[in-house]
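What TrEMBL says about this one:
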DOMAIN    B:8-136  domain 'Response regulatory'
MOD_RES   B:ASP67  4-aspartylphosphate
Amino acid sequence: MPPKARPPIATTEIRFRSLFDDTPELILYQNEKATILDANRAFLALVAEPKDRVVDRPYDDFLPPEVQPLFQEKLQEAFAGKTVRFDMYAAQGNSAPRHWDVVKVPLLENGVVIGVHMIARDITDKMQAQQEIVTQNQDLQQFTYIVSHNLRAPLASALGLADLLGTEEPGSPYFEETRTHLQASLHQLDRVLRDMNTILSIRDQKSVAEAEAVPLADVVQQVVQNLQEVVDQCGGTVRVAIPADLSLRANRAYLYSIFFNLLSNALQYRADERPLVVTVTATGGAGQPTRLTVADNGSGFDQEQAGDDVFKLYKRFHPHRPGRGLGLYLIKTHVESLGGHIAVYSRVDEGARFTIVVP
Amino acid sequence: MPQRQHPAVLLVDDDAATNYNNQRLLQRLPGSPEVLVASNADDALAVLHARCAHPGTAACPTLILLDLNLPPRNGFEFLRAFARRHPTLPQSFVVVLLTALPLDPGLVEDQHLPVTAMLTKPLTAEAVNHLLYNYFDVPTLT
């Protein structure tokens, strides 16, 4: 039986040329002087230059000065016969800076390195995801720290008072006062645990499934209606400027909570010297990010002193007014569950402006 | 042997229940020392200024029981403000830092502030006796 005919396969040259040209990673071939002798399509596309304006030019022409020494060093290592791998964050040509995983592979002929291949893979997305996880871990660690302190504080108080109660004469005024304080501490402990339940239920991923297109004007109107009595009592005004057809894909209850908390804050921290005016605006739609603002003319706070703490759990900035330091933390958690971001600008005795952007 | 006087004590804590507990523990000591209470850093600074800046008025509270978590500022910031206002005074005070959970001593040392001791809440009768014996030569009750 005659040998079976082999299927036609591309010649070695065509196969390797295709690998070189069509791979989405950047591939270059360089000599010892770092001159580019060949560059693949991905590289040409990135630097937006035709091949004849890349070949025979030094690679340094396409690299920012701060990474040039690193590339020189790694190229020399490769010319010494080693395969080297390293990460860098840099622009190439006029491209935006990206994270690159770079490999340099020596090409040997009769035991001598005659050139070096470079393959660079864009790992920006991976690096960003990793950074997000690191940030989330730090947040969780801080959350745990704050929670443990805020649980231990009323508990320690209760422990001390329970001991004290045992030494006071039952029925005496001291006994009664100690008991009252003990109860207050236990209630505080209970509130912290209830807060945890609220926070954890917001973070629960289920809420994402409940997202619907929520008309923003509707939600804000509902919030204003429910707070109207308080607004009227203090002689305040709430101005709303939201296009009737503007809606946001979100969990309606969360949006309600965000506006309710922001308006409640504006009411609570109003300035006694002037009637409260709160302005609520929303813009966006048609592919644009949704931008919500709630601005008041209230007492404001010292932004420099508050620093990064404004949205942190159990941080407070008005020691002489009631409040537990939960509201802004919940708002931030809600906004983040919508994939958005919240920021504040405030000056003492001028007011505060909260801006929420949801992409 | 003459018994040393109890120091006047300043309690600084924003939690009313904690202040009540600590005040009661101190007031029940024999000789019931004077106990001053401040619920925030500014009030505490005002007390120290009124009592300690000009000798010969009322007793200056030389034992300070200070809560570290003292919004809007913390206990360290209070001590820094105190040291700034009265550069020579803090060294002659016994400052006891009270915290809800044990504190890393290194964290306190890094502050370079006149902190004499650290205690985890709650303050107990034993801890009070211990403090008075160690820093004020007041004999413990047995």
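Keep in mind that glycine also has a Cβ here, set from the backbone N, Cα and C atoms.
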Restricting to the same chain and to sequence separations of six or more, state which residues have a Cβ under 8 Å from that of the residue listed as '4-aspartylphosphate'.
B:VAL12, B:ASP13, B:ASP14, B:ASP15, B:THR18, B:GLY75, B:LEU98, B:THR99
Please list the DSSP helix, strand and coil residue counts for the domain 'Response regulatory' (B:8-136).
55 helix, 23 strand, 51 coil
For the domain 'Response regulatory' (B:8-136), what is the mean per-residue pLDDT, to the nearest integer?
89
